Structure formats: C-alpha cells, structure tokens
C-alpha cells in the first residue's frame, strides 16, 4: 500500500474511501482533501459580499450621523432666529413713540414751509412783471433764428440731394458686387459639387477594387475547398484501391486504376477551364471600369479648368469694382464730414437760442404754477368764508329761536347769547366746518343734518341711500357708484375720503379718493370698480374688484377723519 497524504491520513473518512477503491468523492473536495476551484470561487464571492455589506452599513451610519448633525444645526439656527424676532418686537414697541415725535416735527416743518411759500408768492408776481419785456425780446430773437434756420435747411436739402445721388451710385456698385458674389458662390457650389462627384467616383473605384479583392479571396477559398475535397477523394480512392487490391484480381485492379486516372484528368481539365473563364471575365470587367473612370475624370478636369478661368475673371472684375467703391467712399466721407460740421454749427446756434428761451419759459411756467396755486388757495378761502357766513347766519337764527323759547317756556336747557358761559369749538377738516354749542351743564348739542333719500328702483331691485350733509351716494350703474353734491352754491373737498364696500358684513375693499379731489355744486362723480368696462374714466377704485349690488352688500362713504357721511344698500339689508 502506498503511503497516504498527511492531510488524508488525518481524515479517516477520506482514508477509508480511498482504501476501499471508491473514487466518487463529494463535490468540492479533491482526493488530496483540499477545496476545488468552484468552492474557492464561492468562498471568495461570499467574502466580497460581506465586505460590501459592511461598507454599505458604514456609509449608512455616516449619512445618519450627518443628518442628525444637520438637524441639530437647524434647531440652533431656529433658536437664534426666534431670539432675533423677539428683539425686533421689543424694538418696535420702543421706537413707536419716537416715530410719533418724528411725525410731529415733520408736520411743524411742513407748516413753516407753507408760510415761506406764501411769502414767495408775492415776490414771484413781481418777477413775472419784470420778465415780460425779456420774454418779448426772446420771442423776437426766436423768430429771427427760425428764419436763419429755414435758410440753412434749404442749403442742407441741396447738399442732401447731391449726397443721395452719390449714395444711389454707390448702391448700384454694391448691387453689382453682390451679383458677382452670388456668381462666385454659385461657382463655388458647382466646384464643391464636382469635387463631391470625384470623391464619389473614387469611392466607387475603391469599392470595385475591394470587390475584386474579395472575389479573388473567394476564388482562393473555393480553390482551397476544391483541393481539400480532391485530397479527401484521393484518400477515399486510395482506400478503395487498397480494398480492391486485397479483394480483386489483377484485371480488376487495372480497370479501377485506369478509370481513376481518367476521372482525375477530367476533373483537372474542368477546373482549369472554369478558372480560366472566370479570370477572363474579371479582367474584362476591370478594364471596362478603368476606362469609364478615366473618361469621367477627364470630363471633370475640363469642367474644373473652365471654373477656375471663370473665377479668375470674376476676381479681376471684383478688384475693379472695389477700386471704384473706395473712391466713392472717400468722396462720401468728405461730403459727410462737411455736412456734419454744418449741422454742428447749426445745432449749436439753435441750442443757444433754445436754451435761453427755455429758461425764460421755465421761469414763466413756475410763476404761472405759483399763481395757480395761489388762486386755488384764494378760492378755497372764499368758499370757507362763504360757508362760515352761512353757518353764522344759521346759528344766529338758532340762537334767536332759543332766546324766544327761553322767554316762553321754563326748561333746564338754556342757550344764552354770547357770554362767558357759552363755549364754541370750531373744527376744520378740509373745507367743511362743524360748530358745537354747549349749555351750562357742559352737554354738547350736535347740529348734524341726516338726509334720508327716497328709495330707487334699478333692474327691478329697490335700493336706499342715507346721507349726512350735502355729499351722498345716490345710485349705482355699470359696476360703479355715483356721488352727488346737493349743495347749490358750495363745493366740497373730497381729499382722502374713503369708500368701504361690505359683503355679508365683511369688508371686501377700501378706496381712498385722491388728494385735491373737488366736487362742485350739483355735480355727480362716478367711481368705477376694476370689473367695470369703463376703466378709462378719471376715478377707478383700484382696491375694489367689483361693486356687487345685491341684498347682502353695502357701500359706505367716510370723510377724511373716518366719520360716516352716508351709505347705499338694498332696502332689505340688515344693518
């Protein structure tokens, strides 16, 4: 018994199997007791998979750690932002009083500025009187400058006519150049087409050459196959001859030998004739193709020579045209420079006259604007004076009636004639005044006149308007409301008045009337919403999309101190 391998000697199972003469070992274990190649590959794959899983788990742990760190950073940032918001809120409460002080100071400075402007108005009127003779002189100077400008323009027109003639000639030459360029591009296209045709023919020639080489290769392969077949047949024939030699007589052997030589000779003759015929056919086809390619190349070379001659002729013509164009350009530049010099002199003179005239006109415009402002203020003062006189007369009547009532009836409510006990307070908002009369018990009596207009029917629906004073909302039409001043002699200033539109008791939009909005006696003003088709009118409520006049809507008119002046709603609206 041969000596066993030490590894097998330590494995009793393998030793018994080998001693018993069995060779069917388990898969993956060789007779020497080591793992096979497949088992080793499987072990390597398992080890690689475990390493890859370990790396993925480490990567996931790192990503989780980064995510936790980012969350902590964002929480810290949120805490910092909350602290900043708290500081901003404290600062807002602290600086509110300062903003009020700034507003009061600005108001005082604006009042001072108004007084200064009033002082400047008188001096502006005097300056207007002084500037009138200078304006007359400036107008005369402007007329003379305009006459000079007309003469300069006539000369300029003549020079422009000459320049247009030169430009037309230049344009004609440029068109000739463009025509030559087109012809040149056409020739280039033709040359490129011819070159492409030559490349195509060369490619066909290369293709034919490749085909010929492939045919030769195929013929050689066929010849090799025939030689292999012949050798196979010769081997078979030799085997048959050997068999015939063993099994036949001399006569049969000679017969088979003779027949074999004759068949081999016929096969060789047939192969030689076929190969000669094929070679002759390929040679004739190759010569024919070479002849055709030579003829085409001669034709293309002739066309290319003609194209070269044409290009040379066009280049010479183009050089001549360029020379003429350069001469024309030099002349044009000289004329253009001369025209620019004349234009500069003319513009400089005209600019000086216009500058002086503009300064005078600006001064006059400023004076006119100041006068217009003064006239508006004067009209406002006159209106206020008229209103005060009418209100004084009205209150005199009330006081006379109160005096009569005091002498007729015994009452705790007493209205005396002007005395230290009666106190009147006058409040001015815009151009409207209200007067409060107090009795001896310090009770205020407001003389406000509430006017309730009659109901109106629009589109089979009834609406009602309520007004306090002369300005009220009277109707609506086409997504707009109509405001009327019922006073017959007094205008109203609607600056900063407000219009609030409510739907189902909720405020849906507010519009503030522009500054310097006045409504004259018996005048009607339409205020349109954004949904109105008449957006080109003067007043459009940009903060109110639609005046939805239904049973659940209400439109309220407020003055500049947010006191309710009137409202307009459906008769069934629940206030």
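Glycine residues also receive a Cβ, built from the backbone N, Cα and C atoms like all the rest.
As recorded in Swiss-Prot, the features of this protein are as follows:
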REGION    1-56  region 'Head'
DOMAIN    53-406  domain 'IF rod'
REGION    57-88  region 'Coil 1A'
REGION    89-102  region 'Linker 1'
REGION    103-240  region 'Coil 1B'
REGION    241-258  region 'Linker 12'
REGION    259-408  region 'Coil 2'
REGION    409-572  region 'Tail'
DOMAIN    459-575  domain 'LTD'
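Per DSSP, the domain 'LTD' (459-575) is made up of 0 helix, 56 strand, 61 coil. Residues of the same chain that lie 6 or more positions beyond the ends of the region 'Coil 1A' (57-88) place no CB under 8 Å from a CB of it. In terms of DSSP helix, strand and coil, the region 'Coil 2' (259-408) has 150 helix, 0 strand, 0 coil. Break the region 'Coil 1B' (103-240) down by DSSP state and the numbers are 138 helix, 0 strand, 0 coil. Summarised by DSSP class, the composition of the region 'Coil 1A' (57-88) is 32 helix, 0 strand, 0 coil.
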